[in-house]
Amino acid sequence: MAASLNQKVDALVKSNPEAAKKLEETIAALEKTYLSGESAEGPIGRLGRGFQTFKSNVYDKDSALFDKLKTGQWPKYMIIACSDSRVDPATIFGLNPGEAFMVRNVANMVPAWEPKGGYPSVSSALEYAVKHLKVEHIIVIGHRLCGGIKALVTTEEGQGSHDFIENWLEIGKPARAATKAVSGSDEVDEQCKFCEKESVNVSLTNLLSYPWVKEKVVGKKLSIHGGFYDFVEGSFQVWDFELNVSHSQKF
Ligand SMILES: [Zn+2]
């Protein structure tokens, strides 16, 4: 059958240059669709297909969970992670809907307590998670090759050309200072490695500046942890943070 098809194609190509050109175009389009990983469905269609897969494999198969979630949410965790497309906590921890209340922003930063300041996206999510959802664990997760941290490490204070990014990253200023003190003469990547973790500790320290966070941590109703996802070597590290860093575990 295949040989017969090949023979037909050969004959067509030899006898009809116009048909040969059309055939080449068709093959190129088929290769683009099926061999390059791209799909004719388009980027939004890709999301629709993803949702259909989720609906049939997860939503429709766990009515007990989704019926419960219709009545509320009781997440045990609040996770603060980077917006980076490679570090989605739901993916790397295999979290179910309802398990984690989440904030993602550039370089997984938590600003210090500043009541009534600006548009407090992180602070309001934190307040809801702690006061209303009563989460038991807050985990701030940094990651390897963080573009935000690289910008923090390599941009002088007051410099930079973005409308918002450098200003936001100033939350991590103490981490930059610690990095320059400890690792300032190293290559940029080494400095980033240090700062990616140190900035998590800055955010954990900032968490304790919220009076209702500190009160719950002191009362042992809430624990806060630092985390670090290294997708270069494929590892995850987590450490407890009380009033100092302690008890590190690597997976
Ligand atoms: Zn990042």
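A Cβ is built for glycine as well, from the same backbone N, Cα and C atoms used for every other residue.
In TrEMBL this protein carries:
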BINDING   CYS82, ASP84, HIS143, CYS146  Zn(2+) binding site
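Same-chain residues with CB within 8 A of the center of the CYS82, ASP84, HIS143, CYS146 CB atoms, the Zn(2+) site residues themselves not counted, are ALA81, SER83, ARG86, VAL87, ALA107, ASN108, GLY142, ARG144, LEU145, GLY147, GLY148, ILE149, GLU196, TYR229. In the three-state DSSP scheme, ASP84 (Zn(2+) binding site) is classed as coil. Just so you know, the Cβ of CYS146 (Zn(2+) binding site) picks up 24 other Cβ atoms within 10 Å once every protein chain is counted. Of all Cβ atoms in the protein chains displayed, 25 besides its own lie within 10 Å of the Cβ of HIS143 (Zn(2+) binding site).
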